[in-house]
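Here is what Swiss-Prot says about this protein:
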| type | residues | note |
| --- | --- | --- |
| BINDING | Gly81, Asn112 | anthranilate 1 binding site |
| BINDING | Gly81, 84-85, Ser89, 91-94, 109-117, Ala121 | 5-phospho-alpha-D-ribose 1-diphosphate binding site |
| BINDING | Ser93, Glu226 | Mg(2+) 1 binding site |
| BINDING | Arg167 | anthranilate 2 binding site |
| BINDING | Asp225, Glu226 | Mg(2+) 2 binding site |
Amino acid sequence: MSALKTHIAKVAAGTALSFEEAREAFDIIMSGDATPGQIGGFLMALRVRGETVSEISGAVATMRAKMLRVEAPAGAIDIVGTGGDNSHSVNISTGSAFVIAAAGVPVAKHGNRGLSSLTGAADVLIALGVKIDIPPDAIGRCIHEAGVGFMFAPAHHPAMKHVGPTRVELGTRTIFNLLGPLSNPAGVVRQMVGVFLPEWILPVAETLKALGTEHAWVVHGDGYDEITTTGETQVAELIGGEIRSFTLTPEEVGLKRHTKDELRGGDAAYNANALRDMLDGAAGAYRDTVLMNAGAGLVIAGKATTLGDGIALAAQAIDSGRALQVLDRLVEISNG
């Protein structure tokens, strides 16, 4: 039970772990060979000193090696946030996933229950009637036939059972908030990742680059781990091995600026009703924010060349009724 101590001492001394050292440290943790005290000490030492790209990349490599995989069509994307933004908003990336799928791009959605919000992706999907505790082959069928499938993180990362209790006891953000969105069980190489603080935009983009991602947007908007309509969104786009940074506002793509109160969510039933209404064509802040996020997803997937084009395709996907049909089909197939 002492194998992790060397790594704890190194991090506590302010030294960064190499990719291989981080991979080894997280293998020890996720194999059940560290005590809760050691895990907690290691995670907080990383957090206080600040996690590096090599450490995040090494940890993700271990996560990916141990996860239960799902087969998804070529070109599938993920749209996911780290959580930890304490925004208590409606479910933006989950709503966007249905719109992206309705526009013809398969979505392998990875997510969890609410950690920093009242209602995470898993919570709202259950409230909508989606069955989430289904085997990998059934999830693959959902992606192929409905256009979207949901991979419940704890089911696909069973090694996380060794860190779950410690994370709950710590009650604060750790490196694991970053690892989940980077460890998609379908192995997508195109994705949008929202992060809880703007200082994590570039490190996460650099990590995705190191791990071979083809095209990604890493975003943070006005306190949200999403693209927002409440203010400015900071973006790092990774494409072709190069990273460029830019900002977005709703006005520059022809959308209205909204308030945070307009995006505030509630419990799972409240958020489920709001999501279904949005997919059914309800206008307002939720729709506009989903249009921006889904539009970006369509750019990442190569379905649209500009964000404006992506937003137009996303609007068509909602207004045609196709987005709501995707949700209904997912409910049907997941329960089949």
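Cβ atoms here come from the backbone N, Cα and C positions, even for glycine.
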Binding-site residues compared (His110, Arg113) - the one with the fewest other Cβ atoms within 10 Å: Arg113
Under 8 Å by Cβ from Arg167 (anthranilate 2 binding site), same chain, sequence gap 6 or more: Leu43, Thr174, Phe176
Protein Cβ atoms within 10 Å of Ser93 (5-phospho-alpha-D-ribose 1-diphosphate binding site), excluding its own: 26
Rounded distance in angstrom between the Cα atoms of Ser89 (5-phospho-alpha-D-ribose 1-diphosphate binding site) and Asp225 (Mg(2+) 2 binding site): 10
Rounded distance in angstrom between the Cα atoms of His110 (5-phospho-alpha-D-ribose 1-diphosphate binding site) and Gly81 (anthranilate 1 binding site): 9
Where Arg113 (5-phospho-alpha-D-ribose 1-diphosphate binding site) falls in three-state DSSP terms: coil
Length of the line joining the Cα atoms of Arg113 (5-phospho-alpha-D-ribose 1-diphosphate binding site) and Gly81 (anthranilate 1 binding site), in Å: 12
Mapped DSSP class for Glu226 (Mg(2+) 1 binding site), helix or strand or coil: coil
